[in-house]
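Noted in TrEMBL for the protein shown:
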- Glu388: active site, proton acceptor (ACT_SITE)
- His387, His391, Glu410: Zn(2+) binding site (BINDING)
- 49-65: compositional bias 'Low complexity' (COMPBIAS)
- 80-279: domain 'Aminopeptidase N-like N-terminal' (DOMAIN)
- 315-546: domain 'Peptidase M1 membrane alanine aminopeptidase' (DOMAIN)
- 622-948: domain 'ERAP1-like C-terminal' (DOMAIN)
- 40-69: region 'Disordered' (REGION)
- Tyr476: site 'Transition state stabilizer' (SITE)
- 12-33: transmembrane segment (TRANSMEM)
Amino acid sequence: MGKGFFISKTVGVVGIVLGVGAVSTIIALSVVYSQEKAKNLEVSPTKPPTTTTTSTGAPATTEPSNEQWHKYRLPDTLLPESYEVTLWPRLEKDATSGLYIFTGGSEVTFRCVKETDLILIHSNKLNFTKGANGHLATLTGLDGSSPPAITQSWLEVRTQFLVVKLDGNLKADQRYVLHTQFTGELADDLGGFYRSVYMEDGVEKVVATTQMQPTDARKAFPCFDEPAMKAIFNITLIHPRDRVALSNMEEIAAKNITIDGIEVTETKFAPTPRMSTYLLAFIVSDYTSIGMMAGDVQIRIFARRKAIAAGQGEYALNVTGPILKYFERYYSAPYPLKKSDQIALPDFNAGAMENWGLITYRETALLYDPAFSSNANKERIATIIGHELAHMWFGNLVTLKWWNDLWLNEGFASYVEYLGADDAEPSWGVKDLIVLGDVHRVFAVDALASSHPLSSKEEEIQRPEQISELFDAISYSKGASVLRMLSSFLTEEVFVQGLSTYLNTFAYNNTVYTDLWDHLQAAVEKTGSTNKLPPNSRVHDVMNRWVLQMGFPVVSIDATTGSLSQQHFLLDPDSVVDRPSEFNYEWFVPITWQKSGTQGTAFWLLDKTATNNDLKVTGDQWVLANLNVTGFYRVKYDDANYAKLLNQLTIDHTVIPVINRAQLIDDAFNLARAKHVLTTLALDMTKYLKAETEYMPWESALDNLDFFYLMFDRSEIYGLLQAYIKGQVEPLFNYYQTMTEMWTKVPDGHTDQYNQVNALRMACSTGISACTQLVQTWYKAWMANPANNPIHPNLRSTVYCSAIAAGGVQEWDHGWKMFQSATIATEADKLRSSLACASQPWLLNRYLEYTLNATLIRKQDATSTIVYIANNVVGQPLAWDFMRANWAYIFNEYGGGSFSFSNLINGVTKRFSTEFELQQLQQFKKDNAHVGFGSGTLAVEQSIERTQANIKWLKENKDNVEKWLKQFSP
Ligand SMILES: *[C@@H]1O[C@H](CO)[C@@H](O)[C@H](O)[C@H]1NC(C)=O
Ligand SMILES: *[C@@H]1O[C@H](CO)[C@@H](O)[C@H](O)[C@H]1NC(C)=O
Ligand SMILES: *[C@@H]1O[C@H](CO)[C@@H](O)[C@H](O)[C@H]1NC(C)=O
Ligand SMILES: [Zn+2]
């Protein structure tokens, strides 16, 4: 799945507050699904299942016991071979039930591998129609065998099984077919087979679509819903004659038929290859498409008619072919299917989903319109397409056996998405941006004592909500970071060779993560590259230390003696690590380095301490380590080396590679938080920014200063901080003013365009009057002529936000009107975030009320909108009051699917830094204990921990920061 709750740095900018804060980047991805409800059921296991009306002979008790059906995993008795599934989604409300529903029938052919008198097959929220035998299913034998009779059949709600008991054993090596007929709700819950709704020409249109990963295929039809239960799927969809039906494979037959007097079309799709259930997709819509051939592969982009007519699918169509071809070369394996459809959905929970042959996206992640979309939107589209296409092989063709290895699947795609995007857009330099987008982001999370290792034990991941919890920053971003490190020290050439044999060996099958290490090790040996690894070590030995223990090291280098050491890096030095590690929190660390611009020979730090005399410096020489941050570690230097590096930054910062300039800043700020260095050293690192024009160092500094803003924007230090930043950013603002000829031109470079946004954002938020005037003039011109927006798409988030912050109800209402009439989701998103920048409390309160009205703010956007409001210093207390007042309602109404409680709780409380706020938070926890916090349970704990840490940090740093700012503010 693509990253979920994705706030693109330049898109999600809000108000005076910058980007996403360091510790607050605990970006649990918004994959909540319906596990909240499942969990609720679990706390009251005695509650009778709601399906008693359709169960026949269910055991009297549903108390958890040792029975197979009370366990979450499938037994090892049966293996599916193929399914014949017919589904008929109704795009209009069912007259009798008042629900949107779908009906279906399924026949699954399975082989018995161990004798058993029990059939367990996943099923969730489906109502079954009894067969002629009076049971929820019927069974037939293949190959001339006659099956035992069904004696009992019922649904286990908690473990999500259809249970079928037989009066005799199924025989090993015999094949059987289980037939079922069922009805399900086509709910707007974003999971399983669900409905998405949009308006077109005043008419409401319903799309029936799917999101199966991880465990919701069982909500669409009964299936062996585990990734290793690969099978062939023959899918048939029944749909209105004027709608298109899509599935993973190409259509092979369509015929017009009449069922119960209803005229419909029956569309059949080619049988799939052997694949996992979580990758299935079925969609019925009124969409159109554009397409082209990339070699033998048909590529199509589907979207709302108006979006396609406006050309919004063109960009995606144009990059897909090249990226697909790139991955074919990269993997040395042809694309496994005949077609590759990609479709943009108005309601979609994650960013995108890699269904084999039919990838689903949020509209913002696929549709591009140069009149509305920024370069950040464009980059997101290219990278997310890269991510999903990468999965077509890695994940889909070869699939991890169980969800505990999810990190390898998602980490891999999150790494190579940059390679794919880079191939499509080579001028962007997008590969460097992984350092900001993934490495820095996850450093913040993985430095907490409450982090977790990449790899989980299979037996620890059982329940659907445990699976969902794995879709987090660790799996995606740390996974990507350590694979990039691996590829870097092995060299890309060796890495892709191992990858290719891995994919070709395990095609259409399942693996565990060590299978990849085996193939990489074989590639190392075959290419004579053992010198890329530590002496007498295998790939496994190095990677175990990064995969099996949480966290990462800070490497301390003393350049006066050449000694170095490593230590588990913890953001809060007082935090207690109670998770044991067989490697004692030591790592095999690849050290790359240079001395005053001259590259040295890379080596391994294998122990807690070591000495390398090459690192010793004399005179003005300085040492810099972890070049381009290819290693997943932070670096700390001795004071003298820091002084020389600072001096180098002041005299000529370009001698230090741009990624490392960003890194020096990020390391210094985080080392200061962890009390390895003084906070004033971190601030010292920002002094040279007066002369810096590159995006990465600026972005890194602003990300880190965000924490200072959060801590100080309600205190007397705010004025000093603003004055200092204003002085630093003024030259950058002037630089862009000149480069763009008074803001009439767009900078050429991709990252220059990003940094232009930073310049404008910071200049306006620190009150540089040329900036505020500029944005207000633009916005006023737009208000006067709404059909003609003079603001360049790259700058819209920032300009809207600044203008709405400085304006009143008229500016806000204009923004709201434009939001409601936006014809492309990216424009709507920019407005939605900017509307949170208002400075009048009543406007923000009104906006908060809108978030719980799905006709005003889509459910998928509710959490992020509340968090946007909380990012605004004026909105923060309002959002907190709102969340507290409405908790029970939010929890019950938005419990399933779309609502990310952990983002909400972390987002609303990240500014907390007083004893009073801590008390309020603890009270909130107490008051709502009976309601629960669902997927936000951990976030409540993290918020309390973070508030305590903030209180401590303020106590220790306030005076020093004030003194420093007084000295260096103009
Ligand atoms: C699915 O289609 C394939 C190929 O046509 C066929 O071999 C298989 O038996 C079908 N499966 C079922 C359950 O009908
Ligand atoms: C399934 O059955 C339950 C219990 O009778 C009912 O409340 C629900 O509406 C049914 N769902 C559908 C989609 O028919
Ligand atoms: C089904 O009917 C529709 C119009 O009612 C027509 O456009 C379509 O071509 C027909 N399809 C087939 C397969 O006959
Ligand atoms: Zn993914």
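Placement of Cβ uses the backbone N, Cα and C atoms for every residue, glycine included.
In TrEMBL, annotation is done automatically, which means it is predicted and not curated.
In three-state terms derived from DSSP, Glu388 (active site, proton acceptor) belongs to a helical segment. Here Tyr476 (site 'Transition state stabilizer') is positioned 11 angstrom away from His387 (Zn(2+) binding site), judged by their C-alpha atoms.
Cα separation, His391 (Zn(2+) binding site) to Tyr476 (site 'Transition state stabilizer'), rounded: 13 Å.
Counting other C-beta atoms within 10 Å of each candidate's C-beta, the recorded positions Glu388, Glu410 are led by Glu388.
When secondary structure is read from DSSP and collapsed to three states, Glu410 (Zn(2+) binding site) falls in the helix class.
Shown in sequence order, Met1, Gly2, Glu354, Glu388, Ala390, Phe394, Gly395, Asn409, Phe412, Ala413, Ser414, Glu417 are the same-chain residues outside His387, His391, Glu410 whose Cβ sits within 8 Å of the Cβ centre of the Zn(2+) site. Across the structure, Tyr476 (site 'Transition state stabilizer') and Glu388 (active site, proton acceptor) are spaced 13 Å apart at their Cα atoms.
Using a 10 Å radius centred on the Cβ of His387 (Zn(2+) binding site) and all shown protein chains, the other Cβ atoms total 30. The local packing around His391 (Zn(2+) binding site), expressed as other Cβ atoms within 10 Å of its Cβ over all shown chains, amounts to 27. The CA atom of Glu388 (active site, proton acceptor) is located 10 Å away from the CA atom of Glu410 (Zn(2+) binding site). Ligand 4 lies under 6 Å from the Cβ of the following recorded positions, listed in sequence order from Glu388, Glu410, Tyr476: Glu410. For Tyr476 (site 'Transition state stabilizer'), the count of additional Cβ atoms within 10 Å of its Cβ stands at 29 [all protein chains shown].
For the domain 'ERAP1-like C-terminal' (622-948), the predicted model reports an average pLDDT of 94. Under the DSSP three-state reduction, Tyr476 (site 'Transition state stabilizer') is assigned to helix.
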